[in-house]
Amino acid sequence: MDAATTAGLSPAPTTHSRLLAWVAEVTALTTPARVVWCDGSDGEWQRLTGQLADAGTLVRLNPELKPNSFWARTDPSDVARVEERTFICSVDPDDAGPTNNWMAPEEMKQLLGELYRGCMAGRTMYVIPFCMGPLDAADPKFGVEITDSAYVAASMKIMTRMGTPVLDVMGADAEFVPALHSVGAPLAPGQADVMWPCNDTKYIAHFPDTREIWSYGSGYGGNSLLGKKCYSLRIASVMARDEGWLAEHMLILKLTSPQQKVHYVAAAFPSACGKTNLAMLEPTIGGWKVETLGDDIAWMRFGDDGRLYAVNPEYGFFGVAPGTDDSTNPNAMRTLAQGNSLFTNVALTDDGDVWWEGMGTPPAHLTDWHGNDWTPGSGAPSSHPNSRFCTPISQCPILAPEYDDPRGVPISAILFGGRRKTTVPLVAQSRDWIHGVFMGATLSSETTAAAVGQVGVVRRDPMAMLPFIGYHAGDYLAHWVDLGKDADPDKLPKIFQVNWFRRGDDGRFLWPGYGENSRVLKWVVERLEGTAGAVDTPVGLVPHPAAIDTEGLDLAYADLAAALHVDPTEWAVEVPQIAAWFNQFGEKLPGILWTELDSLKERLR
Ligand code: GTP
Ligand code: SPV
Ligand code: MN
């Protein structure tokens, strides 16, 4: 079938010959019933969501409560990223390293080529040109996703800058990352569709040498919205290694002090460990202001002035729903209240709104994420723990105007955080860049529902990038070390480690978190400005409890002290774990990180 002459559809709106050739090739392989080039218009959104509502994949929410918004439920087997099915198909297996699954590129292409054969039969194939980061960037990073999922096409409209304006800037021969996605559920003539088509066989494959993405079998965001983790982290981290920049799993926020001094902060926490919440934080301390630039991904490059500048490549938020509430993240609630959003695997209220755990007292009746009746006595949660909202960044009431500036914003501080019940203090500053890289390289966190698998297991997660480094993790850590070597130390961001999730012996969180994290940000700024003290502990510079502003905070001194405590016996347990973690990288691990480990051992003595 010729894409340009499909009955009733407009011809391909581009003269980009490599793009046209690729679309023709995929069309011939996957044999869709029709091909649609996405233009990114509001009319297109209405058409896509209308068709999905007719098909039963989406339910329109009450327009009085959530205008132009929809509720989706996935197949219960397709609810999160699938790390075991995610592959880095580098030519050299050593380029994938010990932390990634690897398959030879030809072998993966052969295997997926067979799965893709005829896989879009009976379906519409959408061609989605997109750009990660502002379109007016000096070196815009283009991609084109081909997908047979209208849910993906609608989600990509929220999450990326996409459509005809992108094709216009791409012109006739711009570089782009081809990103192919299929749910892997062809329809025979007359066969009725299911609510959430997907396939038990799943592959999320990346080809870093040729900068291509092939995804099969899953419709869930992290596996199917290929501009996000697949492009902006796995492929972009390889681009960044080659071109001397960083593609990181980080939020970006702007912090203004009562003295009107501005600092930009980036923070890397693993999936479902607090990035969206910190990015939109409402400070509980007077005179401080937070504005949002991004909640998940930061691309960072050195500017001519020697400072590290961050850009958010995304255009929307794909956030964890449970736990989001007026009390924890009021700015997310205000963003969602404006509508124009997709909600996936949350619960539906009887008046056509959404509900999830953490929103206060549950209503007497809900339709849960399985589509079943739910009451507070039901036992199981109404929403999947990895249920998500997908909403435009432009609706965030505290969006910093410079979020769209292609030059990015200069970062003063980088926070590395994880979810640890024990051991890791509320906040610690690194002694220098290398010690900060050591903090990032040894970051650990309990696993969450954001990926399929066991929840609550502590694992090392370097820079919160474990599932997202598109090459050898040892080379990745060396890249971080190298960037610091060439830079002016006074201009480098200062690096901190945080842990909002430490618990008391009774299991309670020791630190209240959320908006109260502004008190930790205040100490961070005071460290940057040289006005706060710190205790030199074996693991870094930690505030004395008295150095944290607790005015108006109802928190026992003992809890704060316990949250900040550095216990050498707990840390002594970490040391051999860190050594085992480092050992698997062999020669690739920069020797200076072993020196840092020796120094930690020495300090613990
Ligand atoms: P991804 O989108 O998967 O990358 O997650 P994220 O890092 O953006 O995490 P998010 O902000 O969505 O938070 C994940 C979960 O942690 C939610 O249930 C939050 O309510 C909870 N959470 C976030 N911040 C805090 C905090 O400071 N303290 C506590 N106790 N929980 C928090
Ligand atoms: C994460 O898991 O880090 C997310 C959600 O932000 S996903 O897009 O599914 O990766
Ligand atoms: Mn994330």
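Backbone N, Cα and C define each Cβ position, glycine as well.
Bear in mind that the values here come from a model prediction, so they are computed numbers and not experimental data.
Within Arg73, Arg81, Arg527, the residue that TrEMBL lists together with Tyr220, Gly221, Gly222, Ser271, Asn386, Ser387, Arg388 for binding substrate is Arg81. The record from TrEMBL ties His249, Asp296 to Mn(2+), and of the options Lys229, Lys261, Lys289 it ties Lys229 to that site too.
Comparing the binding-site residues Tyr220, Tyr514 on other C-beta atoms within 10 angstroms of each C-beta gives the minimum for Tyr514.
Counting every protein chain shown, the number of other Cβ atoms lying within 10 Å of the Cβ of Thr276 (GTP binding site) is 24.
Among the binding-site residues Gly222, Ser271, Gly274, Ser387, the ones whose Cβ sits under 6 Å from an atom of ligand 1 are, in sequence order, Ser271, Gly274.
Among the binding-site residues Ser271, Gly274, Thr276, Glu516, the ones whose Cα sits within 10 Å of the Cα of His249 (Mn(2+) binding site) are Ser271. Cα spacing between Glu516 (GTP binding site) and Gly221 (substrate binding site): 30 Å, rounded to the nearest whole number. The local packing around Arg81 (substrate binding site), expressed as other Cβ atoms within 10 Å of its Cβ over all shown chains, amounts to 22. Same-chain neighbours of the substrate site beyond Arg81, Tyr220, Gly221, Gly222, Ser271, Asn386, Ser387, Arg388, judged by a C-beta within 8 angstroms of the site's C-beta center, are, in sequence order, Val79, Ala80, Phe318, Ala450.
Within 10 Å (C-alpha to C-alpha) of Ala272 (GTP binding site) lie the following binding-site residues from Tyr220, Gly221, Asn386: Asn386.
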